[in-house]
Amino acid sequence: MLYQSETLQLHWLENGIAELVFDAPGSVNKLDTKTVANLGEALNVLEKQSELKGLLLRSAKTALIVGADITEFLSLFNAPPEKLHQWLVFANTIFNRLEDLPVPTISAINGYALGGGCECILATDFRIASPEARIGLPETKLGIMPGFGGSVRLPRLLGADSALEIIATGKDVTANDALKIGLVDAVVDPEKLVGSALTMLKQAIDGKLDWQAARRPKLEPLKLNPTEAAMCFTIAKGRVMQVAGKHYPAPLTAVKTIEAAAKFGRTEALNLETNSFVPLAGSNEARALVGIFLNDQYVKAQAKKLSKGVAAPKLAAVLGAGIMGGGIAYQSALKSVPVIMKDINENSLDLGMNEAAKLLNKQLERGKVDGLKMASILATIRPTLDYAGIERAQVIVEAVVENPKVKAAVLAEVEALIGEDTVLASNTSTIPIDQLAKSLKRPENFCGMHFFNPVHQMPLVEIIRGAKTSDKTLAAVVAYATQMGKTPIVVNDCPGFFVNRVLFPYLAGFGMLVRDGGDFHQIDKVMEKQFGWPMGPAYLLDVVGIDTAHHAQAVMAAGFPERMNKDYRDAVDVMFDNQRFGQKNGQGFYRYTQDAKGKPRKENDEQVDKLLAEISQPLQEFSDEDIIARTMIPMINEVVRCLEEGIIASAAEGDMALVYGLGFPPFHGGVFRYLDTLGSANYVEMAQRYAHLGALYHVPAGLRAKAEHNESYYPVAAALLDVSTNQPA
């Protein structure tokens, strides 16, 4: 053994060939600060070996390196900029030393080589992969860019076009695609991977493969003539702005950095990469996007903990077909849980089956399933007009019309037909679970399971715990949601639960703004373009359905009269009274026609301004800041109340529910991350200016206390860098 640390080992293989094996504690290898330092120490040893002829780099695990340790990111980013800069120079010196070894080097890639793992293999002369390998640089998805030479080496290895696509999108590539673009030199069966890498290395040692020619382009300027460069980078910047937009600066920064570095060799190009990385790392967007990644891991770990030892059901049932029931049945069947889909109406069953078939056809068109697989999935959905066989289902999801009497009757009816251990769940969006539980003899077996529409696209499922819901019931439903490929978040019961409870104050803020003379077109534009919502409040209401929103608004007003009851007609009332229900009947705040693909196309409708004049002050222009404040303060206050009341268990779960359930702009990170970015004292001061608008604008006591004590919702990460050495502490 030449060198051994907690994360990697270096030893001789044969005839002057050394092997560097990544083998960290735990299930995967990460390129954390400790591993980077260990790599430097291993190279110290290797550089002294006069008999060294070649180096093979591989993993002892099922993946090479899954990336940097993202749990360290916020700490790294909190270091003073000059210290982060110095540490990146320190880390890059190590990768340069790996690249500059006076012998040929090869990486054997199994599983993932992502982020820092990809940058590590780029520093070797050759790369060979097994078929299941996936290689990529996902940094831009986290609000940063490659920092260990990825933006320098990848374009020089592949050419600018392919490299820009990988770096700007953050998508990884398969082994075969990597072979096509020149990212790897060969793809071999897993059992032959190390042997083939060794053979290739020996060929390089014997002069049959020119390893110096493989290395040289990575050290030199990018080979592009001025016309090619202008064309390539102009197109890339245009595409990035179209897809990422102004709220996500990392992809554009990466493209501009690669462009600026194109005319330089490795040293100057790496300096440019580091100079671009440091400001991105200190940005609010990076903190928010890294926070989302960490929160996602946290909520998935919570789900795993809750459902520990509980298997997903072998058979499920959905009561109520149609679009929603069909969507739930499709998702269940797609993820290998057969499902009974029961309805009282043959047409609804047809609609549900058609919805499932339509979604599977899309999968077929994309090559995700073949005809045989599609048929077998559809065969696991059993449409029925009666309850035959329902007693065999372990989890039954009621998804009938959003009416408490109808839901209660259906739940009581099915409970009489099933065993004492069968779990019942209601897919309701606003009706309190404890209210529905009153109709049941076994309320401990009952909870809420709130799916979001469209079911196949929306990652969140709210699991609602009633006062009598047992842990066993929660575990079964969480296990089912997880098996369905969803992110379940458990919330406590109240009207609207969490997501809808916090959505309606936002929509109420919109309604008050329109009442006071705000132009809904301007409001939508500001909330989309400036704040970053996927759609503004008027457009969202049209998509949700004005009738649905009108009903839910009444439920919320009854549940929280002190804040959500109103003594005036608002824009939703006007739309509802004029039977303008949104996309579902082609007219709401906007008019809808079908485009060539049959999708709704939004158009302005002059009639709407006339209708809204009944309930509005004369139109006036509000500032962007006013529009954002007047719509967002009610939502933010309600989100905070939900945490203070224990409706949600943590800031992390609240933020992920907002991002996954409502499309809250990821670059803000969720309400709690947004509050931490603004500063609680700054927020309270801002909200105070709007307090005259009513109870929705009154800041909860807990948030006021945080502001007084200058506290945040997320812990402030301590800097990880040892300032005396610029190395990991």
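Glycine residues also receive a Cβ, built from the backbone N, Cα and C atoms like all the rest.
Here the structure is a predicted model, which means the values were calculated and not measured.
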### Message
The NAD(+) site in Swiss-Prot lists ASP343, VAL400, VAL401, GLU402, LYS407, SER429, ASN453. Which one of MET324, MET374 belongs there according to the record?
### Response
MET324
## Note on the structure
For substrate, with binding residues ASP296, ASN500, TYR660 per the record, max Cα distance (Å, no decimals) returned as 20
### Under 8 Å by Cβ from ASN453 (NAD(+) binding site), counting only residues of that chain that are 6 or more apart
ILE323, MET324, GLY327
### Message
Whole-number answer please: how many Å between the C-alpha atoms of ASP296 (substrate binding site) and HIS450 (active site, for 3-hydroxyacyl-CoA dehydrogenase activity)?
### Response
19
### Task
Give, as a single whole number between 0 and 100, the mean pLDDT over the region 'Enoyl-CoA hydratase/isomerase' (1-189).
97
### Distance from SER429 (NAD(+) binding site) back to HIS450 (active site, for 3-hydroxyacyl-CoA dehydrogenase activity), taken between C-alpha atoms, in Å
6
### Summary
Cβ density check for ASN500 (substrate binding site), other Cβ within 10 Å (all protein chains) comes to 23
#### Entry: Cα-Cα distance maximum in Å, computed over every pair in MET324, ASP343, VAL400, VAL401, GLU402, LYS407, SER429, ASN453 that the record assigns to NAD(+)
20
### Task
Can you grab the distance from GLU119 (site 'Important for catalytic activity') over to VAL400 (NAD(+) binding site)? Cα atoms, rounded to a whole Å.
52
